[in-house]
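Here's the structure we're looking at; comments come further down.
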Amino acid sequence: MTTITTSNLGFPRLGRKREWKKAIESYWAKKIDKAELDQKISDLHRENLLLQKHYNLDSVPVGDFSLYDHILDTSLLFNIIPERFQGREVNDDLLFDIARGNKEHVASALIKWFNTNYHYIVPEWDNVEPKVNHNVLLDRFNYAKSLNVNAHPVIVGPITFVKLSKGGHQSFEEKVQTLLPLYKEVLQALVDAGAEYIQVDEPVLVTDESEAYEAITREAYDYFDKAGLADKLVIQTYFERANVKFLSSLPVGGLGLDFVHDNGYNLKQIESGDFDSSKTLYAGIIDGRNVWAADIEAKKKLIETLQGHAKHIVIQPSSSLLHVPVSLDDETLEQSIEEGLSFATEKLDELDALRRLFNQNDSAKYDKLKARYERFQSQSFKNLEYDFDSVPTSRKSPFPERKKAQDARLHLPDLPTTTIGSFPQTQEVRKYRADWKNKRISDEAYNNFLESEIARWIKIQEDIGLDVLVHGEFERNDMVEFFGEKLQGFLVTKFGWVQSYGSRAVKPPVIYGDVKWTEPLTVKETVYAQSLTDKPVKGMLTGPVTILNWSFERVDVPRKVVQDQIALAIDEEVLALEEAGIKVIQVDEPALREGLPLRSEYHEQYLADAVNSFKLATSSVQDETQIHTHMCYSQFGQIIHAIHELDADVISIETSRSHGDLIKDFEDINYDLGIGLGVYDIHSPRIPTEDEIATAIDRSLQQIDRSLFWVNPDCGLKTRKEDEVKDALTVLVNTVRKKRASNNQNKPA
């Protein structure tokens, strides 16, 4: 009979209560020294390893843990260091500077990890000298062994690593070939240290481009085979279906497949005989990306099916558990809903229940989880009726007519300036919000504080000279969680944190029921801010696509239905702001690109649904109300036409780390709506120079009509320090003023 063992692909770095984030940020703020940081991080790594061992995993991953990002770790391992940072000792401080930038150099680009809300640091190949630096992966493997944890190393594979890179004169194949001897050196050291197998992550092999990479993929793994490493390697895929027949033909010991997000195709290939049954099948059967409890009976049946096609099966999550919170243990949720949830440790418990059932005929834990799932499923969360057809999905007039009405109302100057929405969330801001949520201060005291911060920042913006202002979003912990707290159908957890990028953690709400707007969400603060200035203040909302993509979505209702329910709720808030006299309303969609399916066959429907939902949320307003949107952290080339179809009066896009790449996208489309391409990187503490901002503006104006162009930072300023914000915005405004003066001088008399 086929043996069943358990494994994991990766575990959350943050810690139950964000201990990882707090330690790293304390080091950045010089509140602790490097020795104390190392101790705190070592303690957390130890806790993670032992916690996974506690759930009886047969093999625990090492190499998934990182001080910032595992792709950046791989870059440093192989000396793929940006030219501007070369010549320094390869250590954690270098890692942080590459990721965040410093006063002398800009940070490396930050891009979404496939279709998730995690972000990786893009490796740069310009003028690099690849070699193996200190093998941190070996250190972590040996550390796990010292704790008596049976571990397997995890490393991103050469095909995926090169695909996620940029720069350099070499071809794709040449870069892979350059890395192969370095991978061999690292892998051999791990095998020599006793690694039973090594998880080689190759998620790029589930994308449309995977067929184009088959030749170089075979060359790479043939190389490892000739080095005697083949039996120790497991090619791990996730997030979509893979070409099982091709991957099974490679000389490796095992193949990891996603049986949750593959739309059923991986199972069909297995049943068709495409899997080489002499290899180990690493079956991703527990959802690594969502927080709902597994249908444990369905998983049992899936394993029984797979047993007919593989001699050895390892059951595991469908992807790294990096994308879900650590544990439900510290939550105080309504039991009827909590029974339907499963965070990282609960997912490991589900694996343990299945392992016990199959290997030991022990059904106690399985029966308990099955009963719990059935109790949750017996409830009904579909209670509301919606009339989607009653809300318009197009504006009353085309953009040229709307622009005339808006220009007449707003009286904005040439190259209008604005920010994206948020201002620094200082320790004081966070303390007041926490004290209010925990009922340590009154509503009146909290509202008085919010009004004082709003007033202070309205004055700061006026003094700097910005043209369209914002209230600062001091009442919001997160741009999605805030709406999750106020819309019906959402659940907000207490400790449900996940890593977004670097030390930035978000707490995605859980959508469990029908979504409904019940009262104004943002009107009070926005109207107060507008009362303090004659300049327009933007209403700040998050769009339906982003709210859905940055939440843990329900799975009992089609995705499009949930998205449109959210759109109707946002439409209600847009109208409430307009009725209150707000002239400019921004509906952010930073996650529109991130949700794009990895397979192009699904793109058209996804984008059509996304555009429809955005227009459902924004089309009820009058022509003179200016609708803005914002997008960030993404590669936009694939969706540039959909961006245009949103028909937003103004879109601001995060581009500072890859400005040239985005400008190229506009060469293929005559973009005839308002647009601001972010002119400096807010993720870095570095203050931009006037020359840098002027260059960014000039480059943009080569492709974009000046009358349509806005000047703004590339993202919200929530994570920056107050002085950094003031200094950077002052440089921005001063640069624009000089551009205006120069343009006026060049106009014919």
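Note that Cβ sites are derived from N, Cα and C of the backbone, with glycine treated the same way.
As the structure is a computational prediction, the values presented were derived from the model and not from experiment.
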Swiss-Prot records Arg18, Glu19, Trp20, Lys21, Lys112, Trp550 as 5-methyltetrahydropteroyltri-L-glutamate-binding residues. Which of Glu589, Glu594, Glu601 is assigned to the same site?
Glu594
According to Swiss-Prot, Ile420, Gly421, Ser422, Glu473 bind L-homocysteine; identify which of Asp329, Asp571, Asp588 is listed for that same site.
Asp588
Looking at Swiss-Prot, which one out of Glu645, Glu654, Glu690, Glu692 binds Zn(2+) in the same site as His630, Cys632, Cys715?
Glu654
Might you list, by sequence position, any residue in that chain lying six or more from Ile420 (L-methionine binding site) with a Cβ less than 8 Å away from its Cβ?
Val470, Asp588, His630, Ser652, Asn712, Pro713, Asp714, Cys715, Gly716, Leu717
Between the recorded positions Gly421, Ser422, Cys632, His683, which lies closest to Lys21 (5-methyltetrahydropteroyltri-L-glutamate binding site), Cα to Cα?
His683
Take the C-alpha atoms of Gly421 (L-methionine binding site) and Glu19 (5-methyltetrahydropteroyltri-L-glutamate binding site) and report the distance between them in angstrom, rounded.
28
Give the number of CB atoms, excluding that of Asp588 (L-methionine binding site) itself, located within 10 Å of its CB.
25
Using only C-alpha positions, which one of Ser422, Glu473, Cys632, Glu654, His683 is spatially nearest Arg18 (5-methyltetrahydropteroyltri-L-glutamate binding site)? These are the recorded positions in the record.
His683
State the Cα to Cα distance, in Å, between His683 (active site, proton donor) and Glu654 (Zn(2+) binding site), rounded to an integer.
11
Spatially closest candidate among Ser422, Cys632, Glu654, the listed binding-site residues, to Trp550 (5-methyltetrahydropteroyltri-L-glutamate binding site) (Cα to Cα):
Cys632
